[in-house]
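Engineer: Okay, handing you the structure first.
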Amino acid sequence: MAQIYKPQPRQVKAEALKQQLVVGLDHQGRGVVRTPKGARFVGGALPGEVISLMPRGKYEAELIDITEASSERVMPPCAYYASCGGCDLQHLELHAQRRHKQQVVEQMLQKFAQLSPEQWLEPLTDNAWNYRRRARLAVHYDRKRQQLKLGFRAAKSKQIVAINDCLTLTKSLNDLLKPLRTLLPKLSLVRQLGHVELIDLNPKPIVLLRVETAPVEADTQALQLFAEQYSVAIWLATEHSVKPLNAHDATVSYQTLGAALHCKPNDFLQTHQQLSEKMVAQALSWLAIEPQDTILELYAGSGNFTIPMALQGAQVTAVEGVHSMVEQLAENAKRYAVKVNAVCANLEQPWPQQGWAGSKFDQPFTKVLLDPARAGAPHAIGEVAKRQPQRIVYVSCAPDTLARDANVLKQNGYQLKRAQVIDMFPQTHHIEVITLFERE
Ligand SMILES: C[S@@+](CC[C@H](N)C(=O)[O-])C[C@H]1O[C@@H](n2cnc3c(N)ncnc32)[C@H](O)[C@@H]1O
C-alpha cells in the first residue's frame, strides 16, 4: 500500500501559570482566571485567591497550588473530595455557596432576559449534609482478582472511586455502603451487575440492582438474608422490568406536603426530602391557591406538587411525559379523593387543540405551575404565555434555561415578582430556584 505523509499534530507543552488572580466563580462552581490568551476555568479555585494553574484543553485548567487563599475557603470534610466527582463546592463556606448560587441566577436572568426580580427572598435552606436520598453507584468487578469496586465516578473520568462513606447521602443509605461491599462479591450475579442504586423511600430504603438475568437460587437467598438483616427492600431492574425481590415490598412511597405518595423506585424524586416539602409549601403560597382555582401543572412527576395543590380544593390538570408516573399520579389522586386530571403528553410537542390543553385554560384566572427538567420548557412556555394565566410559578434546576424561558414570559407581558434559591443540592454547584411571574 502506498505510504502517505500524515502531518503529526503539533505537541504544545502546556506550562504552569503562576500568581494568577481568580476573578469570579462560574455557574459550574469553577474559579475564573483571565489570562492573556483568554479565560480559564479552574475547579477548586475561589474568587479573590492567587493561584498557580496548569492549562488543560482549550478552556480549563488544573489548580496546582494556592498562594493566597479566600477567607471563604473551608477544609472539605469529605475524605474523597480530591478524587470523587461529586460535591464540588464543599471547599466553599455554606453561606457563600448560597450567595454564589443566587448570583448565578441573577446573572443569567440579566444576560438572557434583562430581568431582575422585584424581590429576592433569602435562600430556602435545611440540613446541608446527609440529605441525598438517591445515589447511583458504579460497579466494576475484576474477575481475575475477584475484586469489586463500588463507588462514584471520578470527575470527568470513567474511573470508579471506591467509597465507604458519603457525607451527603442520608444516614440510612450511607450505612448500607460497607455491608454492600461485603455482600456483592459473594454473589454470582456480581459478574453481570450493571450498577447499584440506593433510594431512600418509605417504608424502608431500597437497594436496586441492575442485572441482565434473574438471580440464581443461592443469590436470592443471600439477598433475602441481607434484606432482613439491614431492613431494606431489594429490587431487581432488567432491561424490561423493575421488580421487588419480595412481592410484599411492591408498595413504596415518599412524603410530600400533607400526603404520602406512591411511586416506583425509578421515578423522578426530588433530592432533598425536607427542602422538597418547603419548596412545595412555597409554591402553594405564591400561587395563593383558592378552592375555585383551575390550575395547570406541567412536568408533574408522580404528584409532588399536584396532590398538595388539589388538597387545598383546587382542580388540577397535571401533565407528565412518563406514562408510569402519570399512572402513579392518577392513583395518588384517587387515594386522596382530589380533583386531578392526570395527562400523559410530551410538552415539547405541539399541544392538542382539544382536551386538556385546548378549551379550559383560556380563562383569565388560571394559575400555572411548571417544574421542568434541565432543558427547561422551550415549547411549553410559549403555550403557557398564550393562555395568559394570572400567575405562573416556575421551578427550575437550570438557571440558563429558566432565563431563556423567562424572556418569553417577559415579552408576553409578565413581570418577575419574586425569586428564591432553594438549597436543594448543598456542597455541589447545582442550583434550584423558584420564581413567581404575574401578568401586568
Ligand atoms: C424536575 S422533574 C419534576 C417532577 C415533579 N414536579 C416533582 O417535583 O417530583 C421534571 C419532570 O418532567 C418530566 N418531563 C421531562 N421532559 C418532559 C416533556 N417533554 N414532556 C412532559 N414531561 C417531561 C420528567 O419525566 C420529570 O418527571
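The backbone N, Cα and C atoms fix where each Cβ goes, and this holds for glycine too.
Keep in mind that this is a model prediction, so the values were computed, not measured.
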Engineer: Of TYR254, TYR299, TYR336, which does TrEMBL put in the S-adenosyl-L-methionine site with GLN270, GLU320, ASP371?
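Structural biologist: Candidate in the recorded S-adenosyl-L-methionine site: TYR299.
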Engineer: Work through the binding-site residues one by one (GLU320, ASP371) and point out the residue whose CB has the fewest other CB atoms within 10 angstroms.
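Structural biologist: Looking at the binding-site residues GLU320, ASP371, the Cβ with the fewest others within 10 Å is that of ASP371.
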Engineer: What's the number of neighbouring CB atoms sitting within 10 A of the CB on GLN270 (S-adenosyl-L-methionine binding site)?
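Structural biologist: Around the Cβ of GLN270 (S-adenosyl-L-methionine binding site), 22 other Cβ atoms lie within 10 Å.
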Engineer: My understanding is the cutoff is Cβ-Cβ under 8 Å with a sequence separation of 6 or more in the same chain; which residues meet that for CYS397 (active site, nucleophile)?
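Structural biologist: Listed in sequence order: ALA373, ARG374, MET424, HIS430, ILE431, GLU432.
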Engineer: Within 8 Å of the Cβ centroid of the S-adenosyl-L-methionine site residues GLN270, TYR299, GLU320, ASP371, which other residues of the same chain have their Cβ?
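Structural biologist: Residues close to the S-adenosyl-L-methionine site, other than GLN270, TYR299, GLU320, ASP371: PHE268, LEU298, ALA300, GLY301, ASN304, PHE305, PRO372, ALA373, VAL395.
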